[in-house]
Amino acid sequence: MADVIDGLKLEQRHGKSRVRVGRVWRHKDDSHFFVEWIVDISLLSDCLASYVRDDNSDIVATDTIKNIVYVKAKECQEQLSAEAFAIVLAKHFTSYYHQVSTAMVKIVEKPWTRTYIDGLPHRHGFKLGSEKHVTEVVLMKSGALKVTSSVEGLAVLKTTKSGFEGFVRDKYTTLPETRERILATAVTASWRYHCGSLSSAPSEPLYFSKRYEGVIKVLVETFFGSPTEGVYSPSVQSTLYKMADAVLSRFQDIESIQLKMPNLHFLPVNLPNKDNPAIVKFADDVYLPTDEPHGSIEASLSRIHARI
Ligand SMILES: O=c1[nH]c(=O)c2[nH]c(=O)[nH]c2[nH]1
């Protein structure tokens, strides 16, 4: 919200951050589903009087905002994606309160995944994985909707089929060219869905969860290539582009994707001393893993829409 007071522009928003909620859905066959969400809500709300006239009569208290997270979690009788829950919350704030023009809801879903015992899925047992699922939803009173999903910290490594050659060589360059190295990264991918309005948003409760799994599958398969042959990576840049392109080719409802892929280096170990030039001589076997410093490579790929 922006207002002009005495020739000055005031921009304000308020909400509640880090509202933590766990939700269990118990099915008739005694199998349970579970999510843990950390919810941030921020409202663009017409409550100027509270800033400039000490009049709080238009404020939806942040404590109330927190309570609504639990009320809506209770009301959702069916298991649903973090994106769908964020839309439920945003819809509530923009429709229930006349003064709220826009609701911004971010949810981080902790990676609890069903555990397996002797190859069998446990009915009510979960273990914590590594990468995080994050979503950000922005809903305006008009119904205009933006949905973004992300995976953070998708750590992947391959021990061969990676190289880096032909880069700029000048008086500052020491890096040797190679066609054999370890390629390791922790991918952060953020993608924006096409649904531009509440009325065109997918209504299936787990639609976005399936997409999330699908995007991760495409990213991982493109990074590694086939299980037997793999695929050669001439640079992180090239692999990143192929991963982004594969997601946009596979999922027509995704408008754009941003990938961040730090190059987590595994340095060859060579240990000489004055008597023995090769206590350890590197033969593509012993490495020094390091993430400081690391290369930082990121790009985004978007569909370009022809103007009619
Ligand atoms: O795939 C790579 N891209 C780079 O830009 C780069 N720079 C570097 O030192 N090593 C690498 N590897």
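Going from the start of the chain as shown, residues are counted 1 onward.
Glycine residues also receive a Cβ, built from the backbone N, Cα and C atoms like all the rest.
Here TrEMBL flags Lys16, Thr62, His265 as active site, charge relay system. Annotated 5-hydroxyisourate binding site per TrEMBL: Thr62, Asp63, Phe164, Arg181, Val236, Gln237, Asn263, in sequence order. What TrEMBL records for Thr62, Asp63, Phe164, Arg181, Val236, Gln237, Asn263 is urate binding site. Per TrEMBL, O2 binding site is recorded for Thr62, Asn263.
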Have a look around His265 (active site, charge relay system) and count the other CB atoms within 10 A of its CB, chains all included.
18
How many other Cβ atoms are found within 10 Å of the Cβ atom of Asp63 (5-hydroxyisourate binding site), counting all protein chains shown?
8
Rounded to the nearest angstrom, how far is the Cα of His265 (active site, charge relay system) from the Cα of Lys16 (active site, charge relay system)?
39
Checking proximity to ligand 1 here: which binding-site residues out of Asp63, Phe164, Arg181 have their Cβ closer than 6 Å to it?
Phe164
Cβ contacts of Val236 (5-hydroxyisourate binding site) (under 8 Å, same chain, 6 or more positions away)
Leu183, Thr185, Met261, Asn263, Gly295, Ile297
For Arg181 (5-hydroxyisourate binding site), which residues of its chain lie six or more apart in sequence with Cβ-Cβ distance below 8 Å?
Ser162, Gly163, Phe164, Phe266
Phe164 (5-hydroxyisourate binding site) in three-state DSSP notation:
strand
Take the Cβ of Thr62 (5-hydroxyisourate binding site) and count every other Cβ within 10 Å, whichever protein chain it belongs to.
15
Hey, how far is Thr62 (5-hydroxyisourate binding site) from His265 (active site, charge relay system), Cα to Cα, in Å?
44
For Gln237 (5-hydroxyisourate binding site), which residues of its chain lie six or more apart in sequence with Cβ-Cβ distance below 8 Å?
Ile297, Ala299
When DSSP is mapped onto helix/strand/coil, what comes out for Arg181 (5-hydroxyisourate binding site)?
coil
Cβ contacts within 10 Å for Phe164 (5-hydroxyisourate binding site), all chains included, total 20
Roughly how many angstrom lie between the C-alpha atoms of His265 (active site, charge relay system) and Asp63 (5-hydroxyisourate binding site)?
46
Tell me whether Gln237 (5-hydroxyisourate binding site) sits in a helix, a strand or coil according to DSSP.
helix
